[in-house]
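Here's the structure we're looking at; comments come further down.
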Amino acid sequence: MVGTANNGRMRHAFSVVNGEEEVGVNSVPPSNAGSEYGGFEFTREDVYGLLNERMKYKNKFNYKERCENMMDYIKRLRLCIKWFQELEGGYLFEQEKLQNALDFTESKCAEMDLMLKNKEEELNLIIVELRKSLASLQEKLSKEESEKLAALDSLAREKEARLTVEKSQASLLEEQGKIQGELQSANQRITSVSDMYKLLQEYNSSLQLYNSKLQTDLDTAHENVKRGEKEKAAIVGNLSTLRGQFMLLQDQYNSCKICNVGFLKVWVHLYLTFEDKKPSITGIDICVEKQTVTINLASVDEVAKQRDTLVNEVASLRAELQQVSEDRDSLLLQVQTLTAEVVNCEELVEKSNELKEKCLSQSNQLKTLQDELQATQNKLRVSDLSVFETKTEFEAQKKLISELENRLEDAELKIVEGEKFRKKLHNTILELKGNIRVFCRVRPLIPEDCPGADEKVVSYPTTTEALGRAIDLTQNGQKYSFTFDKVFMPDASQEDVFVEISQLVQSALDGYKVCIFAYGQTGSGKTYTMMGKSGNPEQKGLIPRSLEQIFQTRQSLQSQGWKYEMQVSMLEIYNETIRDLLSTKDSSRTEYGSNGKQYAIKHDANGKTLVSDLTVVDVCSTREVSFLLDQASHSRSVGKTQMNEQSSRSHFVFTLRISGVNENTEQQVQGVLNLIDLAGSERLSKSGSTGDRLRETQAINKSLSSLSNVIFALAKKEDHVPFRHSKLTYLLQPCLGGDSKTLMFVNISPDHSSSGESLCSLRFASRVNACEIGIPRRQANMRSFESRLSLG
């Protein structure tokens with residue numbers, strides 16, 4: 001029952017714990033080598049045999065034999081107990097050693113985590129600084145560009161101004177020549193005018209003297225005229241009185257003529273009668289025809305004399321009056337001639353003043369023209385200096401702009417390298433954590449969307465930490481914030497999306513299992529993201545672009561000794577039934593699949609997933625895969641609902657298996673690329689599905705609900721994860737709970753009427769992003785000697 005070192009065979013030690021591997025000879029603690037029982041080992045059978053052994057005696061009453069057998073049994077028990085104690089000590093020692101190693105490894109892991117966190121923080125700080133520097137450089141560049149544009153504009157303006165100045169200078173030179181000619185002629189005219197002015201001044205002075213003389217003569221003439229008029233008036237008055245007296249005397253004379261004869265007769269009679277008596281008669285009163293006339297005989301002679309004198313005076317006065325009127329007329333003619341000469345003199349004075357003013361204005365114009373010419377020449381000098389300074393400043397700005405452009409290029413290269421390094425570290429951290437990466441893509445608004453409220457449903461934070469990684473969704477006035485690994489805005493192109501996953505696709509060639517699947521409500525752009533739009537190269541989806549990159553990289557890696565073989569399979573899960581989309585047989589729809597086969601999903605111990613009887617096609621070029629994709633897209637189940645004109649009614653799974661061998665290093669890799677377009681979740685109240693569409697909707701929602709349950713179980717780290725509740729989750733089991741690199745696209749719609757479904761999709765995506773599925777393992781090994789011989 002107990003083997004020894006001399007019995008010719010070596011037994012393996014049994015395991016202490018049920019179900020564990022047995023401990024070999026080399027696993028025995030070193031303390032057994034120096035003990036007296038070091039040559040013995042016990043197995044499980046030995047121990048059970050020793051414990052269940054029944055001692056047999058030839059004679060019951062032979063106590064000596066019984067004691068010897070008992071002593072031998074006790075000795076063997078002691079030997080077993082001793083062996084167990086030493087084995088336990090060795091196990092304790094190994095346990096302590098392993099515990100120390102575990103503690104050391106955990107401390108190293110903690111240090112590595114701390115170092116990674118510190119490194120990540122440092123890199124984040126570096127990225128923030130680089131972004132700040134990029135922003136500042138961009139601002140500086142924009143400022144410099146604006147300054148450059150301003151300088152170019154100013155230079156253009158300066159050139160235009162210089163041309164205009166040159167033109168104005170030429171015109172000014174012409175005007176200067178003209179003005180100089182005019183100046184010479186003006187100078188000549190000025191000299192002639194000045195001579196004429198002197199003559200006019202002399203003539204004016206003589207005219208002024210003559211005018212003053214004429215004025216004095218005019219004044220004396222006026223005085224004489226006034227005096228003559230006064231004398232005339234007096235004479236006229238005297239004449240009128242004399243005329244009155246004359247008339248009176250004429251009347252008296254006429255009356256005297258009538259009475260003269262009678263008077264004479266009477267007088268003679270009286271004279272004769274009274275001559276003898278000789279009385280002194282001085283007057284006679286005569287009464288004729290009852291009138292009494294008194295005649296003064298002495299006054300008659302006097303009256304006659306007075307009449308004669310008066311007649312003479314009247315004649316002389318008339319002669320004088322005639323002379324005075326003639327003098328007055330001659331004086332009036334002189335006055336008129338003098339006034340005409342005065343008017344002519346005044347006109348000459350005005351002309352001379354006008355000539356003076358014209359001469360002064362021309363001299364002032366000449367001065368202003370000279371000043372303008374001087375100012376223009378000064379401006380021309382200043383413009384020449386400013387043009388030279390602008391040229392030098394432009395050259396300096398040009399050099400500065402070139403330096404800034406070089407610095408900007410260096411900064412952009414550093415930023416690109418830093419972003420690549422950040423992505424690499426981020427991917428490494430995510431791979432070490434084992435999280436599922438999540439990208440969010442928002443499709444643009446289309447005309448079929450319902451017009452919503454004024455506020456935007458989806459917004460994007462612009463902070464440095466959240467830029468390109470965060471998204472806000474507003475529903476019923478409440479804002480919900482989410483953060484993912486990447487957020488694509490509606491204006492993001494297919495190329496922008498593929499650039500972010502190109503390295504993940506590349507890792508499939510390096511021997512990793514890669515899974516990328518699109519999730520979201522119906523009409524949110526999942527199929528467009530994965531497949532794209534046929535006929536437009538710029539709108540190709542992730543699947544065609546991934547295949548192009550893989551085949552291009554395969555071609556470039558041939559120079560390094562790599563040879564790859566690739567196999568493609570495509571299937572869809574329609575109403576919880578697997579359909580082969582590449583089957584060449586009749587594709588009539590039956591209960592079990594496209595051609596009546598029942599496909600089963602199998603996972604082996606190495607984590608490989610196989611679908612029984614599924615068509616697998618060897619491919620060598622992108623054209624072959626494109627042909628297969630077109631065939632699969634025509635075979636896929638598509639239907640029309642109220643939410644989407646062409647709604648995918650099944651889950652589409654594209655699988656590319658890659659086997660690579662490096663002839664130089666004898667290294668083998670095996671990678672898998674799974675690209676999955678999930679059917680869209682939808683509400684029956686909105687989709688209006690009936691009949692077959694209703695059954696399809698129920699199957700789709702059930703499979704997506706199972707996917708949610710699997711995600712919840714993974715997030716809570718439950719012992720049991722319900723992968724088998726759906727064909728979809730069972731097919732995705734290696735991607736969700738294995739060692740693959742998994743990325744999920746959550747597609748949402750910015751339509752106001754779809755805000756509820758978009759919020760559910762974002763919440764599900766945030767739970768997916770928090771799941772830890774394990775660290776990805778690279779499927780790589782060295783090629784065996786037999787395979788090398790077979791290949792050789």
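Cβ coordinates come from backbone N, Cα and C, glycine included.
Annotation source TrEMBL lists coiled coil at 102-176 (among others).
According to TrEMBL, the feature coiled coil maps to 300-421 (among others).
Across all of the domain 'Kinesin motor' (435-771), the predicted model scores a mean pLDDT of 83. Here TrEMBL flags 435-771 as domain 'Kinesin motor'.
Over all protein chains present, the Cβ of Gly523 (ATP binding site) has 27 other Cβ atoms lying within 10 Å. Feature annotation from TrEMBL assigns ATP binding site to Gly520, Gln521, Thr522, Gly523, Ser524, Gly525, Lys526, Thr527.
Neighbours of Thr522 (ATP binding site), defined as other CB atoms within 10 A of its CB across all chains, total 25. Shown are the binding-site residues Gln521, Ser524, Thr527; the one with the most C-beta atoms within 10 angstroms of its own C-beta is Ser524. Of all Cβ atoms in the shown protein chains, 29 besides its own fall within 10 Å of the Cβ of Gly520 (ATP binding site).
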